[in-house]
Amino acid sequence: MTTTTNSPGAGDTTSGPRAPRLGVADSRSRSIELLGSLTMREIRGQYKRTTLGRLWSFINPLATIGIFTAVFSTIMKITPPVGTNSGIHAFALFLGAALLPWNFINNAVMGGMNALVGNAGLLQKVYFPRWIPVIATVLSLAVTLCFELLVLVLIVAIVGGPSVLLYLPGLIPLILLTTVFVSGIALTLSVLLVYFRDTQHFMALLMQVWFYLTPIVYPISLVAEQEQRLADGGHSVPLETLWKLNPAFRITDAFREVLYDFSWPSWGNLLGIALWAAASLLMGVLVFRTFSGRVVEEL
Amino acid sequence: MSVLDLMGSRRPASGHTAVEVENVSKSFRVYAERNQSLKAAVLRRKRGSFEEFWALRDVSLQIPEGRTFGLMGHNGSGKSTLLKCIARILEPNSGSIRTRGSVAAMLELGSGFHPDLTGRENIYLNGSILGMSRKEIDRKLDEIIDFAGVGEFIDQPVKNYSSGMYVRLGFSVSIHVDPDILLVDEILAVGDMQFQERCREKFAQFKDDGKTVVVVSHGVEEMRTFCDEAAWLDHGKLVEVGPAAAIVDRYIEAGHNARAVETGGTRHGSGEILVERVELLDAAGTDERTFRTGDELTIRLHYRAEKPVDRPVFAVSVNSIEGVHVWSHHTWDAEYIPAQLRGSGSVDVRIPALRLQPGTFDLNTSVVDDELSHSFDQWVKAVRFAVVPGSPRESGGLVVMGSTWGNLQPPSPLAISGASAQAAEAREDADLASRASGTP
């Protein structure tokens, strides 16, 4: 047996040159690589055991568009505005241009929120930065959004002409900013869910309210009409202004500007989305940083 | 096993500290009434009442680079918590842990496998979770697949794998991460014998490469042979750090002294004659439940016969705690059969020297008729007793044989001779002593 004292190697540590812990750049590139892998896992896993596979990511929004068109356009007679440059006048496309980004917001918020709880087994066994599964979920849904947008672009190009293709680069900042916006919310909620499990049910409700508060199945002009009607009745309520504070309005409106109006997203919308994204991310990072240390043991 | 032992413990450490744990404390919240609902939180302005449970209290230790270091202790001693803190899965409340080099933890094999992805896809996924880059995985892919031995299943979704294949693939990915410090939790017993052998080889290679391994295990024998050094934790506090073999011995001894030994056991039989009570007497004649290897031991069976019983045959047997039948002796084989017994009395079995390895054993008794066909009384697990290290001190298994090493041919000077207790024992053998006298 070797002779070893009760504190093995004592005294050697201070003198020995200490190899730096994983370099910051190294660990960052690893995190990014892992983020990529987990995102791929989400994307590949999504429709893995289904016969139709990825087709489901087209069928789902198409079905929703179909249903909403039937209810809101055919039965309730909501008329969409005419697309400014495209000349399109179709409720289904007016709806689709906003519904796809909304679906992304909705799924990313709900999915990202569940990412910590859902990956509990993994988080309790392996160390990696805890934000990775949350962001990976959001990113995988952003990829789904891109696929869906591709189909929509194809349809509007057929209906309204190929000029929409010119404005497609406008979608890039929109998708990026929207992703940042939902990431912040998802980070916050993912931690909250660990501590309060009924966040999930609460959010399911809230998202439904949010959906109808956002001009998706109806044009914002209807809100202006209501405001006018109230003003006529002597009640001055700045309904339209209030409505426009909603970040989801900014986002869906900007997507409509590109995909329905065939134009660049307006600076107002871009700026609004950017501000919301920054605020959301700031909140997400702060909350996550504060609470993520003990999250694993609370899972 | 013992080959690994020799390779490990004789190899010098580099002198650096791989893991430095400084005054680490970690508490968990144990909720008396957990409420994870917003309503309750708002109403009571708190999240249920909880108590702080201290899993680790002010633990400081250093794990030298290039060593295999064991963390041992009972359930709840904090050893797994400490491992998770080193792995950064848990954050200590206070204190710091510094690690030198990359760290990978093998806490659960195949955690993070996606059941619907193929084995190959999961290697990439799990590899990157464990910290490998894509290029690294590309390079090691064949080796990983080969080591896992899953063959053509590699392109099947892992949900179709047998549990063995699943674990093997998980182990294979983990071991190929090739970190500077490997943290292992109770997984040395995966797969079949053949795979275990390969795991041991891989660990040995790991140690040879100067990598540090930190192991948590319940298996004390495994600790003794596998680890160079060990830390013993009890209720979150560090009891002792030192050479694995010495720590394991003291741990076994302390553990057995502390435990209540009377198990009660189960009894069946027709009951005309019963063994009412068993005494385990040491050399001084006191009833003990802990003995050292090599101790003298007398088993005294106190019987009572309700009515006269002709030619009863008494038997005692010893099982290891895992149920392995280690030894038995009955009075029929010993040709020691009374003509008739009635009333109360006792009978002894004397063991001059207890030839059992340290461990826990159960003693069973029985009384049967002289045709060994009718059972008067069977008392299973009548008493439990512990064996702690004594002499001779041999390396593993259930029994000691009083074996000695010697007669090295051709004769060559010994680098180590008689430094350990067992070698000192061996020296009692006059023949060997004279042979080794060249290097006292």
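Cβ coordinates come from backbone N, Cα and C, glycine included.
Because TrEMBL annotations are produced automatically, they should be read as predictions rather than curated entries.
Here the structure is a predicted model, which means the values were calculated and not measured.
The feature compositional bias 'Polar residues' is assigned by TrEMBL to A:1-16.
According to TrEMBL, the domain 'ABC transmembrane type-2' annotation covers A:52-291.
Under the heading region 'Disordered', TrEMBL lists A:1-24.
Residues or ranges marked as transmembrane segment in TrEMBL: A:55-76 (among others).
The transmembrane segment annotation in TrEMBL covers A:88-110 (among others). Listed as Cβ neighbours of the transmembrane segment (A:88-110) (distance under 8 Å, sequence separation of 6 or more from its ends, same chain) are residues 61, 64-66, 68-69, 72-73, 78-82, 137-138, 141-142, 144-145, 148-149, 152, 155-156, 159-160, 174, 178-179, 181-183, 185-186, 189, 200, 203-204, 207, 211, 214-217, 219, 248, 251-253, 255-256, 258-260.
If you look up TrEMBL, you'll see A:131-159 (among others) marked as transmembrane segment. Beyond the transmembrane segment (A:131-159), the same-chain residues lying 6 or more positions past its ends with a Cβ under 8 Å from any Cβ of the stretch are 31, 34-35, 38-43, 46, 54, 57-58, 61-62, 86, 88, 90, 93, 96-97, 100-101, 103-104, 107-108, 111-112, 114-116, 118-119, 122-123, 165, 168, 171, 175, 178-179, 182-183, 186-187, 190, 259-260, 262, 288, 292.
Taking Cβ pairs closer than 8 Å, the transmembrane segment (A:171-195) reaches residues 101, 104-105, 108-109, 111-117, 131, 134-135, 137-139, 142, 145-146, 149, 203, 247, 251, 254-255, 258-259, 265, 270, 273-274, 276-285, 287-288, 291-292, 295, 298-299 in its own chain, all 6 or more past its ends. Marked as transmembrane segment by TrEMBL: A:171-195 (among others).
Feature annotation from TrEMBL assigns transmembrane segment to A:202-220 (among others).
Taken from TrEMBL, the feature transmembrane segment covers A:267-288 (among others).
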